[in-house]
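Notes follow the structure.
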Amino acid sequence: MSSEDRHLGSSCGSFIKTEPSSPSSGIDALSHHSPSGSSDASGGFGMALGTHANGLDSPPMFAGAGLGGNPCRKSYEDCTSGIMEDSAIKCEYMLNAIPKRLCLVCGDIASGYHYGVASCEACKAFFKRTIQGNIEYSCPATNECEITKRRRKSCQACRFMKCLKVGMLKEGVRLDRVRGGRQKYKRRLDSENSPYLSLQISPPAKKPLTKIVSYLLVAEPDKLYAMPPDDVPEGDIKALTTLCDLADRELVFLISWAKHIPGFSNLTLGDQMSLLQSAWMEILILGIVYRSLPYDDKLAYAEDYIMDEEHSRLVGLLELYRAILQLVRRYKKLKVEKEEFVMLKALALANSDSMYIENLEAVQKLQDLLHEALQDYELSQRHEEPRRAGKLLLTLPLLRQTAAKAVQHFYSVKLQGKVPMHKLFLEMLEAKV
């Protein structure tokens, strides 16, 4: 196989929990991935998009001067043609690949539409069993348990709440427990034909989530855990090395995540690249911000890698710490929910300030689609706050400013040459400067 066809097959004030390290990725295309889940084994953005492989600290595959004649873009297109030439080669990180239908409850592969929602057999059976048995559950925690394929059995209460939240219909379950063909749903009677019915049935307090929000929720990557190098003594080098590795691994997931945004794969390959190259740091910082919401004046760079002000000062990250903390406080004040967080990530990507957009009309359509989805969500879930969508959108300029500070800081770290950087992170830095 030619190189062009290659593809993706922390001390003071911080603490490291003894958690398992973050998996490299669930995608088969990461077969050439390094064990740590970083991007150096096959090259950075080039690995994801099919470019020539290089090791750590080698010259970047592209500069930030534009996309014309960009070898990264050429390899991106090679990736799309290679999948047509050889069906055995799966370019899983090709951004215009069509994602499989996922269960909106747990993220497993959906077997079809059950009770009005794309869902897997396990969640379908769980919902049916709960309704037929009239079972009531209670959450031992705070009714906010994460429901994934691996953890869907850990909390039945939160799993059932998730079923209802994504739109599963109770009336779709046969209460007589009789097996048979599909149940026929009759159209609801008009109120004038059945005034009694209109008096007895009241609308639910909250409507099911919009499809776009549901898709974004199930597309969220697994939780991220730090992997501090054991052979580096405690200090600024170890902290920066850990953060650079975390960023590199998150970028790998980010490329996969982007193709699950409805409408994103309709853009040209060049525009997909432009948006990612422009907005990646904003998306990463949003992740840090959301993880940090439960803490007081601390930043959660990963689930198990948390820095306070003193540690940030010792490792030279005090200015960046204060900038990100400003965002954390702003989102805390807004009491941002996870549904809003995933929408903001998608909007940050679509609202990129890239100068190299080929089809502005198509990008504008994507922006309009996501803006409308946010508005619909806020109207259905937060109707008592009619200006909430606007307040959330007004946080994006501060997010962009903070991302610019982060890029400049890590680029200066790169120029010093003391901290190793994996290919993907290195190349994305080059694209932003």
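Every residue, even glycine, has its Cβ placed from backbone N, Cα and C.
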#### Entry: The annotated zinc finger range in Swiss-Prot, which must be one of 64-88, 139-163, 164-188, 189-213
139-163
### Task
Compute the average pLDDT of the predicted model within the zinc finger (103-123).
86
### Message
Please report, as numbers and ranges, the same-chain residues at least 6 past the borders of the zinc finger (139-163) whose CB is under 8 Å from any CB of it.
### Response
103, 105-108, 117, 119, 122-123, 126-127, 130, 222
### Query
For the zinc finger (103-123), what are the DSSP-based totals of helix, strand and coil residues?
3 helix, 7 strand, 11 coil
